[in-house]
Amino acid sequence: MEADATRDFFSLQQSAGGPRKRRKKPEPAEGAEEDVFFAREAGSGRLPKYVELLKFKSLGEGARVWGTVAEVGARGLVVSLPHGLRGHVAPAEASDVMAELVAKADAAAAAAAVAPAASAAAARRAAAAAAAAVPKLAELFSVGQLVRCTVVGKEGATEGGDEEAPRRGRRIVLSLHVAKAAAGMGAEALAPGRVLPACVRSIEDHGFTLSLGVPGARAFLERSNYAKAFGADVPAPRPGSLLEVVVTAARDRRMVHVSADPKAVTAAVAREWDGLTLGALMPGMLVNAKVRHVLSDGLLVSFLTFFNGTIDCFHLHQSALAGDRQVAFSEGQKLRARTLFVDPASKRVGLSLLPHLVAVDARLPSLPPVGTVYKNAIVRRVDPALGLLLELPPQGLGDSEADPDPEPDPDPAAPLPPPREKGDKRRGGRKKAARAAKRAAAAAAAGGGVTGSGASSAPVAAGYAHISNVADTKIDKLDKAFKVGQVVRARVVGTRPMDALAVLSLRPSVVESGVASYADVRIGALMKGTIASVEDYGVFVTLTPSIKALVLQEHLTDLGTAAGRARLRVGQAVAGRVLQADAPARRIMLTLKKALVGAKLPPFTAWEEALPGARAHGYVTGVQDYGVFVGFCGDLRGLAPVAELGLPAGQRPSQGFKVGQVVKATVLTADPEARRLRLSLVPGAAAPRAGDAGAGAAGADPMGGLQPGDVVEGVVRSVTTAQEGEGEEAEALVTEALVEVRCASGAMVMGRLDAAHLADHPSAVSALRACVAAGADLGPLLVLERLERVGMVRLSRKASLLAAAAALPRELGDVAEGRIVPGYVASVVQDAVFVRFLNGLTGRAGLAQLADTFVSDPRRHFAEGQSVRAAIAAVDSAKGRFALSLKPSLVANPDGAYLGSLFCDFECAERVRASLELAEGGLAVDWAALPLGGLVGGTVHDVRDYGVLCDLEGHPDIVALVSPGQAEGSTVPGTAVRGRVLDVNKKDGIVDLSLLARLAAAKKGKAAKATAEFAVGARVPACVELAKDDYAVVSLPQHGAALGYAATADFNSAAPDARPRFSAGQALTAVVAALPGPATGGRLLLHVPTAPSAAAEVQRAKKQPRAAPGRAVDAVVTSVFPLFVVATLSNGARGRLHVSEVEDGEPGEGSQNPLERFPAGAALRAVVLEQAGSRAARQHGLLELSTRPSLLTAAVAGAKTTVPRLQRDALEAGQVLAGWVADVEASAIWVALSPTLRGRVHALDASDELAVLRDLPIHFPVGKPLRCRILKVVKGKRLTIDLSLRGVDAGAGPAAGAAPAPGDLVCGLVTDVSGRGVTVQLAQRAYGRATLANLHDTLVPDALAGLQPGAFVRCRVLSPAASPSGDGVAACAAAQPKPTAAVAADGGEDGRALRVSLRASHGGEWQGRDSDPGGDPAPETISVGALRINQPVAGYISAVNASGAFLNLACDLTARVRLSNLADGFVQDPAATFPVGQLARGTVLSVDGNRVEVTLRSKGGAGARLALQDLEVGQVVRGRVKRVERYGVFVEVAGGTLTGLVHISEAADEYVKDLGQLFSPGQSVRARVLAVDLEAQRLSLGLKASYLEGAEDVEDDEAGAPDAMDLDTEAAEAGGVGDADADDVSEDSGGADHAAAPVDAGDLDAEAEEEARLRAAELRQLQAPAPQSAADFEKLVMGSPNSSYVWIQFMAHLVSVGQLDAARAVAERALATINFREEGEKFNVWVAWLNLENLYGQPPGEAVMALFRRALPHVNQKRLYLALLAILQRTDKDELAAEALRAMCRKFGASAKVWLRAVDHALRRGEGETARRTLERALAALPPRKHIKVLSATAVAEFKVGSAERGRAIFEDVLRNYPKRTDLWSVYLDQEFGQGDQERTRALFERATHLALPPKKMKFLFRRYLDYEKAHGDAAVVERVRAAARAYVESNLAA
């Protein structure tokens, strides 16, 4: 730069002629150099003639400006700049740290958007975490904070025009990055006393790490210094905050010590430094300046010797604002100023003398508030092309209208008179004013800025009115319209804090306007303005120059659609009504709805105006099934119930009203205290008058005066349904019904009827949920409680509550001990059940009072909403609570009410269903023709396992079912039957029939007569005919076979499966509970007093009539299964015929199942063997049968043969047996050998054909007969039989399952796919492994493509066991995965896996491999000796770690690739860039024995291996100092393959005494090759500077990149792999490449000995075994005391040998030893110790919690809580996990992560209701900004582990409020993808693509839609989606 050249000129000038003159030249005076330079500049004519202000047009990118923060918002900062400009800072530009965090969040969001479905959830969680890590700008910045800004862009730049008038769409884009503010500074600027901007990067224990913006430099600010500077109570700055610091120490410029003391920062004056240029100047620098010229509009000053700048008229002291600058300032005067802006492009620098800027710690100037009106503001200066400067008196509106004194105040602090114009004849006062001005200038020079002496007078404020704000009409010549001294009226419309000026307006329309500030805006007022900007969510309207209002999209038009936004343009004039006004928050919201703006009715603006009968226009804010919510101005909201909407019957509110719709509402009732309005939208509606019927209490009550306990009737208005079930069984069931109830007063009240309150019995609830619909009449209903908040009542239809309505308690006074009252379960917790009655009155029943037996989990016995009977055990009036008992022994009542309510509700459900069908034009079933106990005729339709299906005469829509125990006679399809009706299921249209003669022959009249004679309480004998889940159907033999119905459960017992309790044919005694009646469908209800245990019932069932073993019997087949048939014997007993007991001979290959000859209904003759051996058969009391001819012949002859033909004791290996397929799994076939014996055939023993193995279920259907050979029999407590289907006919012996021999071509099952290769199971206990090179004959891009665990392959066995010799396995052992236990257990003779090949040339085959992949041939073997340096090679990536990668070149050779040699550029994630199995091509770098090193770089790699013969004398190479000796320096060149010696005589041009002072190991150097001795393999180098003069630098790709190699070496040393290898390669491959310089033999011998010693030590370290003892670990912890990994491995070793106390002691030592700065390492030890106590503590729960409480004060508490929770959940300690979650929610209530863990925990435990309550608590505790995150994450969890319907409901609710969040749509769609419901997914896509979204978002949605249809749809659907996308594009183009 020119300044640098001038500085050099002065230095040469000073040194010129020095030796010639003996007299010492005098030192130049201070500032002489600056004077000379300035004179030279003035002579060149390059100095400015006037001051140019900052303007939008002339402000260039890169300019640095000082400003102050004016606004802090979520979307960025607004910064006030000098001269009235304003700039905008995006969040990413707020600081350097913010830029990194925002970039990470954006990258995570982008990754989540394109993540595959398998990892989408994890990607979204990562994106949410990254977004949460970005701090809010309000946490980093405050209004009034001074900041250094850099202009990075301008938006909406236009040509010409003024700069102060706001232009539409013009924005100055700024950046606050310190790296940009200090862009021109170098390390030399970091000198003590220098003030620099800093950004907080991290918070340490004792201070803060700062970024200074200087490359390579960081700063450290001590915490004590910060506390001393700002106070101990001031919170520490967060990362990303900006600070002003002064350098205190800069010994190491990589870490500079600084201070934030405001006094030191303010007083620090900028001094010159080497390298100071214009680009290094920053705004805000305090400099000593010298006045060079007094210009007409400011000052020209010089500073820092070589720089000049200007001070404009706005930044002189106020006393000189209107004065004569030629009098106030003089040339040569010295001032102290601060730089205001620096524009390197235009080479302009502006400075300021304003006191509040010069003294940064001073308070900002006191400016009048916005809106203040001044009646007598005085014009002090007229700028013809710019505006007016006005003096503002101290008073505001009360200013006197009198003219001010025209003569100026002699006080220098007062404004000076205007400059004397031509022709002005005024006299006097001029000299006095000049002296005052000089005194002020002198004060400025001494104290900074120009200060007045009259400090006692009040400061006078100044303001500026831009030319556009001086009048309502355009003024061409400002100087003619206004004169200096003129008094005008002005209003403050803004501030310019950097200029200490108020922004004024003289326009009469503004001055006289009643709205000057946000406080003047009134709710409901009509306002006019112009549209300032149009955003996606609405528009901003400018009301006044300083007031803006927001209009949301739903308020742009009456319809509130996005189309209304498209019609609005920036600058358009609009009129709106104020909806909300918040003056402190500076927020105003308008509505542009014409119906609201032009409404003739006055709006409601306060609760006092909303009186009953008042009318006003409002807008719909929400629509629910029970009413419509209406909003007015301010915070007024009201509800119009369904009855007050004026809708026709049957129409839902959502069909008549939409959100945003304008309505006219009438106030019915108002409660200002409760902030509740009840409205009517019926035209002409009026509030009830005092004299009207129902007025008074009922009229004012929105619930019509209904009270808990009232019994009412109503009609269902609407229902809410939810999809339950999956697939074809899914159905929509009612979850809630809204009932319209008519009160006695005639008023209509809405009631809420939950699904659980539809009935007492769960089965009845299910029946009613399926049929209840709008318009249904449910009969009497009970009012449970009043829902005051929504103006509704909660209803119940439970018969138990209705029957006791008058006796139900409403308050605690109604509760009396000993009473038994019905209620319902309100909630179930871990240790109690809460029962609720009327009006929310709730009692508690503890664990001991829940049942007559022990109860461990109340949720297994009770459910929310369940009807119960409760006995009041105790009442505590003082505490307002009472205890209950639910023991059945206390509350049971044999009145049959529970069963009676079930049948009553069934009848009600049928009535509702029939009415709905009739309303829809359907035909109802005539159930009266099928009375219970009546006889009906029909025809057998089919015979199934569960019974006989019949068609009834005259009833085509009804199916008759005859259970297996009720069939008698022939049941062949087509047979005509006549049976008795046992029961009817009207819901499903099923009739239960009995064909038993004893029931079918009974006369119905006789049975009815016997039933009429019954009395309640009579005991009658009964026989169970039919057992159902909820009741049993019994017959009464002594009463004409009349039918009765007995319940299986009561109120307080869950309904169990009835069949274990009642069984067909069981005799019992019952008590008559209720006589038949219409309500119960004519059923006789019975009660069984004593219920025997299940075990007793089984024993009783076993005592039924049986046939003797060995006896031949006749039977009829009732059920047919693939492996057996069930038959009924002639005596009523049941038996089972297994497939193995049908024939004597063995089945042949391809024979049929012998059971096919026994269809249902077939008669057979069999021999009874014994009771069936299977568990299921024993439970059903089945007998084992056999039809083998040999047994039948023996039975006829009288022999008692009862033993099945196959016994377990007779089994032995090698035996061939007959069997039948019982079950097929993915890897095995289960074969039934006898009724009690099963064997397993491993998939590999099933066939030698791959096609068969891939489709086992197809080739081996259940029931297929087989011949198999026993491989192995394990006889123990559990018999295990291994079978084989291979080699059965060939007579293979027991060795059929042994490992194959080398050369065999066998089938195998892939068990593992990794970098080690493909592990294949060849037999049950034989495994093989194919390396990556043994998979393909040619090189393919991905060796593992198409291979996955579970696939069947064909492979060739190469050798008995894999040999590690010569294949490089040892070199990569640390990076390879360990073999599985199965592989190592029995692979070959030595325990290793067999070597196999999957190459096609070897016969290998697998599904999915390309038959002709092409490509270069892949070598099978490569000889290490044949490899040469720089030879191209190719192989597959087998492993990637921190040191690099390993390349499988052949089946016997693996090469290493260093991290620096993986690619030409930097590799961010090696594992992701180089996945295992990927093909890679490279070049050999070195070969050392069995070790081969390869580079993948295109130009030879980092440290490209050069041979000694490649070097030439005189060549300059790069290298690194390896070792420094007294005689020379050893330098590694060519990436470490060659080592040369630099003799001490060749190290420098001058004499070197100690080489250690010049060189150090690891130092990068350039050297010249002096000698190359190929025979001795020695290299001599030189480091003299003279050798390198004029030599061209060595390119990185030729001699290696030192930095990359250093990093790689450090990584290798840290990982412990590759360090020794690298040295070995260097020494051995290059030989003893020492220098051929003149060195004596003694030196060479010493050098050789030292080299040998070091190499031996390195080899010992490389070959050292893993630590095996405590002593070995002690050595490790001594070497790495701060490594938690080593300490934890030490603990694990002690735990493995059972030394738990020693492990705890090691943990104590680790915590005491690890440096306190290593918080993460200490945390790892704490977590490891917690895991230890969790597993081995005594007891574990107490031990782990005690340790947790101890660790809590020493670590990050939230992080430790999360770690503890993971440990407890992993070990299923649910109680402790729940306790930890409760504590976490209380302690970290503001953490979304904690609440989400709690929700996930509840969902995984199946506690959906608990999860929903937790979500409600989370939303109440978390700030609103986290709500969407929590809701979306909860919805995803519901989809995965909870209820998909609840997840959909959450997503729908969120998207209802945020319909334009495409990220939410994307997450929602991802979850639906996982559900597999294509119709629902398509419907969701249709909704999303029909939204009014910007093109970018629509493109994203259409793209996803198209990809989905390509994967799941057909061509027509894909084309339809494309057409929709094209239509959208065309419509946008047309718009």
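Keep in mind that glycine also has a Cβ here, set from the backbone N, Cα and C atoms.
Per TrEMBL, the features are:
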- 400-410: compositional bias 'Acidic residues' (COMPBIAS)
- 427-438: compositional bias 'Basic residues' (COMPBIAS)
- 62-177: domain 'S1 motif' (DOMAIN)
- 193-261: domain 'S1 motif' (DOMAIN)
- 284-354: domain 'S1 motif' (DOMAIN)
- 463-507: domain 'S1 motif' (DOMAIN)
- 524-593: domain 'S1 motif' (DOMAIN)
- 613-682: domain 'S1 motif' (DOMAIN)
- 818-887: domain 'S1 motif' (DOMAIN)
- 933-996: domain 'S1 motif' (DOMAIN)
- 1110-1188: domain 'S1 motif' (DOMAIN)
- 1214-1286: domain 'S1 motif' (DOMAIN)
- 1303-1359: domain 'S1 motif' (DOMAIN)
- 1514-1584: domain 'S1 motif' (DOMAIN)
- 1-34: region 'Disordered' (REGION)
- 393-438: region 'Disordered' (REGION)
- 1401-1420: region 'Disordered' (REGION)
- 1613-1642: region 'Disordered' (REGION)
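For the domain 'S1 motif' (524-593), the most Cβ-contacting stretch among 463-507, 1303-1359, 1514-1584 is 463-507 (pairs under 8 Å). Across the domain 'S1 motif' (613-682), DSSP helix (H, G, I), strand (E, B) and coil residues number 7 helix, 35 strand, 28 coil. Packing against the region 'Disordered' (1401-1420) from elsewhere in the chain are residues 1250, 1254, 1305, 1310, 1330, 1333-1340, 1345-1347, 1351-1356, 1358, 1434, 1449-1451: each is 6 or more residues past its ends and has a CB under 8 Å from a CB in it. Helix, strand and coil counts under DSSP for the domain 'S1 motif' (62-177) come to 44 helix, 34 strand, 38 coil. With DSSP states grouped into helix (H, G, I), strand (E, B) and coil, the domain 'S1 motif' (284-354) comes out at 10 helix, 37 strand, 24 coil. For the domain 'S1 motif' (933-996), the DSSP counts in helix, strand and coil order read 3 helix, 39 strand, 22 coil.
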